[in-house]
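Peer 1: The following feature annotations were taken from Swiss-Prot:
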SIGNAL    1-20  signal peptide
TOPO_DOM  21-479  topological domain 'Lumenal'
REGION    22-42  region 'Disordered'
COMPBIAS  22-31  compositional bias 'Low complexity'
CARBOHYD  ASN97  N-linked glycosylation site
CARBOHYD  ASN346  N-linked glycosylation site
TRANSMEM  480-500  transmembrane segment
TOPO_DOM  501-610  topological domain 'Cytoplasmic'
TRANSMEM  611-631  transmembrane segment
TOPO_DOM  632-643  topological domain 'Lumenal'
CARBOHYD  ASN639  N-linked glycosylation site
TRANSMEM  644-664  transmembrane segment
TOPO_DOM  665-708  topological domain 'Cytoplasmic'
TRANSMEM  709-729  transmembrane segment
TOPO_DOM  730-1330  topological domain 'Lumenal'
DISULFID  CYS901-CYS1096  disulfide bond
DISULFID  CYS929-CYS934  disulfide bond
CARBOHYD  ASN1081  N-linked glycosylation site
CARBOHYD  ASN1299  N-linked glycosylation site
TRANSMEM  1331-1351  transmembrane segment
TOPO_DOM  1352-1421  topological domain 'Cytoplasmic'
Amino acid sequence: MEGSYWWLSLLALLAWGANGESTSPAETSPAPTTPNPPVVNPSLRRKIVNQRILSAMGMDSDPSNEALNGVCQSIHSNGCNANELKLRLADFFIDTNSSQCYDEILVKKPCSSLTPAHNSHWVPRGLDKSEVDKIFDTKLKLFFSQSRKVTCLSASALNPSQFVKHFQVKIQETSGPAKQSLRSLHCVNLVWSHSHKGEKEVVHVLQSAVPVKLKNCLAMLNFRQCYYNQQSEGPVVVPSYQHNGEKWVTGAYTMTVEVDKHADGPCEISTTCITEGSEIKPGVHSLRGFKTTLVIHGKRNTGRRLLSSSNARQECSSGTFLGEGGSAQVVGPKNDGPGDHITFCNGSVVTKIRLGQEHGCYTVRRIKTYRNCRPEEGSSACEVDDELKPCGAQKCMNVHLSVKGLVKTSRGSNVQVHSCDKDCLIQIPEGFGDIQIDCPGGTQHYLESNVLDVDCPMYNRLGGLMLYFCRMSHRPRTCLALFIWLGAGYGITCIAGYMVYYAILALSMLTRCLKRKYMVKGDFCLKCEQKCVTSLDQTLHDESCSYNICPYCGNRLPEEGLRRHVPSCPKRKQRLEEIDLYLDYLLVPCPLHFALSTAVKLGTLLKRLSWVTVFLCLFLTAIAPVQGQVTTSPVLPSNQSTECTLLPPPVFLIFSAVLMSKTLKRMGPVNKVGAAGHSARRTNSPKNLYKSKQIANTKSGPREPRRRVVVKALLILTASSALQSIHLAQAFDSGSLPEGAWEEEMQLVQGCNQECSLEEDECSCPDGQSMTRKLLFFKGLNSAASKMASSHRLLTSVSIDTPWGAIKVESTYKPRLASSNIQLAWNSIEEQGDKVILSGKSTSIIKLEEKTGMQWSLGSESAAEEKRLLVSILDYTQVYSSTFQYITGDRTVSEWPKATCTGDCPDRCGCSTSSCLYKSWPHSRNWRCNPTWCWGVGTGCTCCGVDILRPFNKYFVTKWTTEYVRTDVLVCVELTDQERHCDVVEAGSQFVIGPVRVVVSDPQNVQTKLPSEILTIQKLEGNQVVDIMHATSIVSAKNACKLQSCTHGSPGDMQILHTDNLIQHSHDGGLNLADLNPLVNSTWMSWEGCDLDYYCTTGSWPSCTYTGINSENTESFDNLLNTESNLCERFHFHSKRISASGSTLQMDLKGRPNSGGGELSVLVDVKGLELHSKKISLKGLSFKTLSCSGCYACSSGLSCTVEVRIERPDEFTVHLRSVSPDIAVAEGSIIARRMTGGPLSRLRAFAVRKVKKICFEIVEKSYCKDCKNEDTTKCIEVELQPPKDILLEHKGTIIKRQNETCVSGLQCWTESASSFVSGVGSFFRNYLGSITLGIVLTLLPVAVVLLFFCYGDKLFKLCSCFRCCRGLSRGKVRKELDEDELRNKLKKFSKEGELFGKEKKDARTIALLLSGKGKNYKELV
């Protein structure tokens, strides 16, 4: 019974293995080792051996069953002996000979004698399948039993020296928290890795002898040479082996844990938290600890779960993600380096001194590293809400990601990177132009605001009054200032004159008061016995009283009579006042004298002259013509004369959203296909995709004579094909990039090629295929808002010549380009009946600018109708081939010492990288450099090493070599609203529309290109998570280090040549072969001019020092950014996305220079174009239908459907214009037909403000003599919606513009003045009712101005009752005067009684003003 029970157990084990991770028998079974082995299932045989091996590793129970031993021995002879397996297991983990491999029972054999087993069912974490196939079942083993499956690598494949002698831990118990979180963890034996925040947590266990128990956790346990997953509750089992009678275990390991979603509670890690106890020796502490449980709470699921959602959890959304973390490894003789070190000895003490196994210790080194993460396939969705959300005082974009990731926003040269946790609000970047959003995984969105920037001051206020000023002049603010100055300018001038005058007067009086305050008073006169008031009075007494002369009246008196006369002299008061007045004048500086004198004499003249000057300046500025940059160089035959300039991109940029030729009219079966496909893309439901395919097959079959090409809604979901958290042999592989913005633009125009024609909202192609492609346009703003976030549109129409002339996107008043039509000269003009047949050619050059173009007028003086041919450039980009050179950054380097008491130093001082610098000093032991236990003198060795501790602090930089490949241009040619062809011009293209043939050359004369070497830079400030894809800036690389040629400390002295080096020490995602790949260990570091040395400290090992080493070179990169050219300011990059593949980085580099992008040569060849001549008389020209809908002051504008009837001829080309000045309509051609039931014409209009009625008239109505005005003019009532604050997905817009330019200076000024007068007349007519009333009302302020001019001084005398500046207090200041001049004046003063002569009348007036006795300003002027 026992035997049968044992066989039942084996059969159960076999049944379990059939469902486990295993290889097929034919693929993995080795050759039998006995001549006649029993017939045993190879899978069962493998499980028997594996269980015995796991038992030898201490990871499973030993199946000590005699019958099992008998079966195993019958298969492998004595190979199943437990002791033999333990010996072979030790060799498996110890022997580092790379030529040694191992068979099924771990017998060591040369690799040449063993063939790796092919495995198609299992790939261990961290290893690429191609690498697995090379070593599977020879150096890579999968040991599995009923309880666990363990993957191990032999030391011949991986030798990280992680096994250490096992010691029983002696811990002194202490108190501590029973439960704690990882972020509050402070234990010597446990380290939480600060990595990218997610559902997984990484914990490094530094002392494996301390038991760890898991509960409700999903854990991956990485022991460097082995790893296994643990899902059940229980202790962590550490791999071990027996060698020389001692047990060896992994010293440190890494746990990557997350909450088991099927469990009831959080994940709990129960262990002993060890802390430093009492100090036994200097720097050596005993172990002290307490039982604790680390609690990890999982993220609670909110909302419902879709059936189609994947069970796999994912932690990141981009394959180029790098999260900062850490790693821990046991230090051996060949794997030391910089970083924090901690040493455990004999299971009882802990220290930071590096000690090895010879001391019964092992040292663990903590390393700064980055971890890579790969998203699940098809789960990296990125969407942007069309409607803006309030965030504080601003509006923000709402971005949705499937998981947390980095989102880059850019607008012009303003680039920002934001960390987004599934849903986040991002402020709209400052600047002008479209908003580009780069999502994780490479998805791109181009957005623009729906609210159109009508740069007319206060256009939506004052009842639209300001729009008239914007119509009068290209500079509406100047025009507004002109009219304000005309009405109130003179009053403003007068008020300004008063203010200036009284300011000068107040300053003068303040100066006089301050000087008087500190002026020395006069002395007592001994002759006349009178107190002198001032120093000037003192001088007068000295000069007069000495000669017995009265100082005031000048009479000579006896000495006694002088004393009686002077106090009662009748002229004393008058003379003192005169002296005081003169002194006031002298105390004021000369500049103030001049200013006051000028204000008194020329005040009125200055006021009037100022008013006239300002008026003339404002008037000339208001009517001055604007000057743009001409960007065309027409090349025409000598017998042709044309005027050719380009169209203004500002206007085109305006209508990149306003204008489009087609709007949705019918939502038929094809629309059903688009809607179903759109729904399927949003849900990723195979059922929905199949349903949409069925609809397409049933509705678009062979019955349709033409296939329809439909523009697809582009909702791009980032799809990565790698497994989550898996490091490959070429581990850093992000997968392929999705299509970018430029590829989407190309698809839009290539889907509607020149073999197709536009019919309503579709581009129809005549090959009968069932595949369709639809042009998605607006059908009302509400329907647009629901689709904007996930669709791109090709909008096609002519632009609108706005009568107010003030729509702004980049520059309103000074357009970047001048614009005009080319009047094509004809080689032949033939008249046949009522038709004119034209033939001719024209050649011109269009400089490459975004959203610009050129228009030809196809008409003749003898023709009554005219067609307009538009060749427009939607966009263009320069395509570059980029080659990766190296990765660098502002690295931090650190040193470490190693020493031995006897023997040699470790090879390369224990450094295992190619970037370290080391130096050794043999036989360096002496009493000053020895620890207390080392008595050696002249023995041993000392070495120092220095290496990279942290590769990036503030900057992550990549250097590239670029090569210009080509320039792709998106060109569209349009003749009417139903004849429009688009294509991507690479090697020249030809467009044929009826009798018109347009040939566009290759891009030529490209002047601005990217430098041959560039740097992509990412700033890591405040965010230690790196997404290599998101380069924040691109700069030139003139001052960056060349490849492996650099001085130490310069930008680029560290050069990472293999991308796997970035994750070399990451061990939280399975096995990592990156640190073994010889190509990985190829980082280059410049140590030019650097040297190492050491210094001794008695009683301890020596310490290292260095000279010439820059420990951190952040300042070098700061200086680099200040000196290099910022290419983001000179280029608009459609794509600068970076991906990782094949151990290097790749960059999809496409950009458009802001200027100097080149030019296109355009040949227009017209053969037999038929137009109606002026001999024809139109009959029955009238509107049949007209309808408009949309919003006002928004970029989507109004969509109008119109049908024009005519009785004779059968067809005629007409144009529409708006009667209302607040409505502008496109200038495109419309075909008037006699027959009914034809396609309706569609056009775009724009309303600057809300209106209730729209009126259009036919421009060619003058050719219809019998037509009534009500037939050729149509008015309809409309209900316009206000603009919604939404973002529109980027649109390729075909644009058109007609605006004649002047050819001479006089003509420019004349036309500008005429436009000004016309604008004034429009204001009078539309705002005041009539031009006559406007003139009358305008004359009133003019008359008031003339009244002020002629009688201003008289009018101001009415205000003479107002007085000011009287009774000012006087101060005293001492002033030195010329004595001789003063004596002469005083002598004359004694006789005449005046210090101011007749020629000093202005001085007396100023003195009176300063004393407060003069006239006021109004009386003076």
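Glycine is treated like the rest: Cβ placed from N, Cα and C.
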Peer 1: Across all chains shown, how many C-beta atoms besides its own are within 10 angstroms of the C-beta of ASN1081 (N-linked glycosylation site)?
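Peer 2: Excluding its own Cβ, ASN1081 (N-linked glycosylation site) sees 17 Cβ atoms within 10 Å.
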Peer 1: Here's one to test understanding: among the recorded positions CYS929, CYS934, ASN1081, whose C-alpha is closest in space to the C-alpha of CYS901 (disulfide bond)?
Peer 2: CYS934
Peer 1: Are any of ASN97, ASN346, ASN1081, CYS1096 (the recorded positions) within 10 Å of CYS934 (disulfide bond) when you go C-alpha to C-alpha, and if so which?
Peer 2: none
Peer 1: Among ASN97, ASN346, CYS929, CYS1096, these being the recorded positions, pick the one whose CA is nearest to that of ASN1081 (N-linked glycosylation site).
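Peer 2: Result: the closest of the recorded positions to ASN1081 (N-linked glycosylation site) is ASN97.
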Peer 1: So which recorded positions out of ASN97, ASN346, CYS929 end up within 10 angstroms of CYS1096 (disulfide bond), measuring C-alpha to C-alpha?
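Peer 2: Candidates kept after distance check: CYS929.
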Peer 1: Ranked by the number of other Cβ atoms within 10 Å of their own Cβ, which of the disulfide-bonded residues CYS901, CYS929, CYS934, CYS1096 ranks first?
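Peer 2: Selected residue: CYS929.
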Peer 1: Under 8 Å Cβ to Cβ from ASN97 (N-linked glycosylation site), same chain, six or more residues apart: give me those in sequence order, or none if nothing qualifies.
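Peer 2: Same-chain residues close to ASN97 (N-linked glycosylation site) (Cβ under 8 Å, separated by 6 or more) are SER156.
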Peer 1: Per DSSP, what is the helix/strand/coil residue tally across the topological domain 'Cytoplasmic' (501-610)?
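Peer 2: Counts, helix then strand then coil: 75 helix, 6 strand, 29 coil.
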Peer 1: What number of additional C-beta atoms lies within 10 angstroms of the C-beta atom of ASN346 (N-linked glycosylation site)?
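Peer 2: Taking all protein chains shown, ASN346 (N-linked glycosylation site) has 13 Cβ neighbours within 10 Å.
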